[in-house]
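See structure below.
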Amino acid sequence: MSLDQILNDEERLAELDLDQLKQLVGLVEHDDSTDPFPVSGWDALVWTVGNAVQTAHFFQSAFGMELVAYSGPENGNRHHHAYVLTSGAARFVIQGAYDPASPLADHHRTHGDGIADIALTVPDVDRCIEHARRQGATIVEEPHDVSDEHGTVRRAAIAAYGDTIHSLVDRSRYSGPYLPGFVEKRSTFVKRPGAAKRLFQAVDHVVGNVELGNMDQWVDFYNRVMGFTNMAEFIGEDIATDYSALMSKVVANGNHRVKFPLNEPALGKKKSQIDEYLEFYCGPGAQHVALATNDIIATVDAMTAEGVEFLSTPDSYYEDPELRGRIGTVRAPIEELQRRGILVDRDEDGYLLQIFTKPTGDRPTVFFELIERHGSLGFGKGNFKALFEAIEREQERRGNF
Ligand SMILES: [Fe+2]
């Protein structure tokens, strides 16, 4: 496969090159021909929220995303509004019901704001569905074409954890702004003078929370149904504090663009943060979205200036001599990271910088991570304890600990 073919249209449009993507999201080369369920990458994270009008504004103002397409009553959508936003290769679709009878209203009543569909780009929808069916997956949408004057999209969908689905989308014969039913729409939101062109370049990973005892079943689902392979394994004490614990395993598609850590609660002295999520989301669902940035310091500063709140990290984290020794030299002075609460982790391949937002909706469920990779293909295992202690302090303040 040529290097040009490895990049998808969104990445080319975002002016990303292969070396940047290897660095940003740990992209590797992969031969699709032997893959039973080839996945090229992320298509979109499709959110169902209580107020799409305002959430779309939030992602433009606070996350620096660009509005590119829209579907709503003005162009024949009688059920909901949907705003399509991009940042580099990342695409979010924000949908909210305006018809009280819309299934989206039911979804929101049950789950609150959340990711209903982790849509993936595949080169051959029918081949994927055939394999998924043989493996016993639930097909929620059979393969079909949707067309308009811009061409044809072939799509289908399978069920994942909880009410989450994976749409499978082949848009190779389509040139419209998103999907048939959507019209091009540009932001009326004007960025501040001097604002960066974008605050993040791509989606790195999406974490799923499932019930106690179900993590291995979902790892098996991604292995067997979707041909994903296991990347790293974190279990038991690695990521436990005295009071809150979880187990986590990570699966990835062939080229590692799509990475799914899967968490389940583990027994601790008090309620696990995963249990809190499961209670308030009313079941399994997507817990956090990691956004890849090549300048986490600038991104944190820009988001903070727009009111995004990040979890704080105790000063002891940065002053711990053992941790400092392990981290060694990174691209910015530790004091710059400490001022913003940015975490550092190092493994045999390199290091990464990361930080987590507070939940961005009303419920203590979904939140974001910013991640800047420098060779490390990990997920911040070394930071889990420091991070969870910070999360627990927040959980305690909400009275759910
Ligand atoms: Fe993460």
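Placement of Cβ uses the backbone N, Cα and C atoms for every residue, glycine included.
For the Fe cation site, TrEMBL records HIS288, GLU369, and the single candidate of HIS205, HIS256 listed with them is HIS205.
Sequence-distant contacts of HIS288 (Fe cation binding site), defined as residues of its own chain at least six apart whose C-beta falls under 8 angstroms from its C-beta, comprise VAL206, VAL207, PHE356, VAL366, PHE367, PHE368, GLU369. Across the residues of the domain 'VOC' (41-171), the predicted structure has a mean pLDDT of 97.
Helix, strand and coil counts under DSSP for the domain 'VOC' (41-171) come to 32 helix, 64 strand, 35 coil.
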